[in-house]
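Asks: After the structure tokens below, expect a handful of questions from me.
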């Protein structure tokens, strides 16, 4: 075998995945479609280079161009979010959160985050995650009537438990979040406030959602999802003193060598996000989500949690269809619509089964879908879930999906 010879089975799988993406309507809220330039940066020769440390302070030689790349990513990120400090080295959103915890907390400290069935993330204190094992985690839920954040209840929980860190942000919440109310609660109990804006970072960057940067002590995010970049993480703050603690908590505290090829891809994505067209894109993402939510609300058997959406996603309660979230995910997969099962507030089913679906519009909007297309996708989903065993309905749905993906091909 020659050095560099492609492994046939591997490249067959990659080609098949490329075809799957082309042929599928992608509605997973955390997924998107990156530009060729982002992919090219991530596949560049930077993958060959070790660069422990930070720009100008490396443990290896030969980092002069690596320093330029990482500094560009930092500068673009700071400009994009109007932040004083940015660390672009976290390998993921989870690593970004872990780094902040390591910088601000000690094992056993109390943290307060959104519960999983309310829309929180594993790293916000789930008992099966490091965040719930290393720290004393307490959770807040949603108001059962409005299915929105209940700040008076959150305040009561904070006063009772005196957390050292309050975590705002979610992985499945469709409404605008009032960062200032979280700040007031944090100040009242003497806690740090961390915002995890992984899902809504693109909306924050364009002003479609209020920014947490001026309010929170520290903000974490992923760089994919609505930012349309490579899979990775980032930490932002306006507190430079805190930034120094975070830098050392990340390296050498949490990670070793940064993935500079991914950081290059982050820089390219941030550059794209700074262009006027990105604001137009995010505006369309929200319009598409709201169009889908409005269509779902016409259904007798599908209920939109909280009654609608202000961002890129929605949670739908499909209990009345008689189909579980797990079965709905598989059923929609069979007609080339990709979603993910999701717990609804107060769900009695396990997270592996669920009574709902999480649906997002970043990827279809990157393909050029507009409101009418989004409504049509919602109608297809409604018909499939109302007729899960009707083969004619499933065949028709698959044909409708093909028409939409042929109309809006991945560029």
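Any Cβ shown, glycine's included, is placed from N, Cα and C.
Per Swiss-Prot, the features are:
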BINDING   120, 121, 122, 350, 351, 352  (6S)-5,6,7,8-tetrahydrofolate binding site
MOD_RES   225  N6-(pyridoxal phosphate)lysine
SITE      224  site 'Plays an important role in substrate specificity'
Asks: Across all chains shown, how many C-beta atoms besides its own are within 10 angstroms of the C-beta of residue 120 ((6S)-5,6,7,8-tetrahydrofolate binding site)?
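Replies: For residue 120 ((6S)-5,6,7,8-tetrahydrofolate binding site), the count of other Cβ atoms within 10 Å is 23.
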Asks: Can you give me the Cα-Cα distance between residue 121 ((6S)-5,6,7,8-tetrahydrofolate binding site) and residue 224 (site 'Plays an important role in substrate specificity') in Å, rounded to a whole number?
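Replies: Just about 16 Å between their Cα atoms.
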Asks: Rounded to an integer, what is the Cα-Cα distance in Å between residue 350 ((6S)-5,6,7,8-tetrahydrofolate binding site) and residue 224 (site 'Plays an important role in substrate specificity')?
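Replies: Spelling it out, the Cα of residue 350 ((6S)-5,6,7,8-tetrahydrofolate binding site) and the Cα of residue 224 (site 'Plays an important role in substrate specificity') are 28 Å apart.
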Asks: For a quick check of understanding: among the recorded positions 121, 122, 225, 350, 351, which residue's Cβ has the most other Cβ atoms within 10 Å?
Replies: 225
Asks: What's the CA to CA span in angstrom from residue 224 (site 'Plays an important role in substrate specificity') over to residue 122 ((6S)-5,6,7,8-tetrahydrofolate binding site)?
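Replies: About 18 Å separate the Cα atoms of these two residues.
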Asks: Just jot down the residues in the same chain as residue 352 ((6S)-5,6,7,8-tetrahydrofolate binding site), at least 6 apart in sequence, with C-beta under 8 A of its C-beta; none if empty.
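Replies: The list for residue 352 ((6S)-5,6,7,8-tetrahydrofolate binding site) reads 326, 341, given in order along the sequence.
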Asks: Rounded to the nearest angstrom, how far is the Cα of residue 351 ((6S)-5,6,7,8-tetrahydrofolate binding site) from the Cα of the residue listed as 'N6-(pyridoxal phosphate)lysine'?
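Replies: Cα to Cα, the residue listed as 'N6-(pyridoxal phosphate)lysine' and residue 351 ((6S)-5,6,7,8-tetrahydrofolate binding site) are separated by 22 Å.
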Asks: Suppose we draw a 10 Å sphere around the Cβ of residue 224 (site 'Plays an important role in substrate specificity'). How many other Cβ atoms does it contain, all chains included?
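Replies: For residue 224 (site 'Plays an important role in substrate specificity'), the count of other Cβ atoms within 10 Å is 26.
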Asks: Can you tell me whether DSSP puts the residue listed as 'N6-(pyridoxal phosphate)lysine' in helix, strand or coil?
Replies: helix
Asks: If you pair up every Cα among 120, 121, 122, 350, 351, 352, the residues annotated as binding (6S)-5,6,7,8-tetrahydrofolate, what's the maximum separation in angstrom, rounded to an integer?
Replies: 16
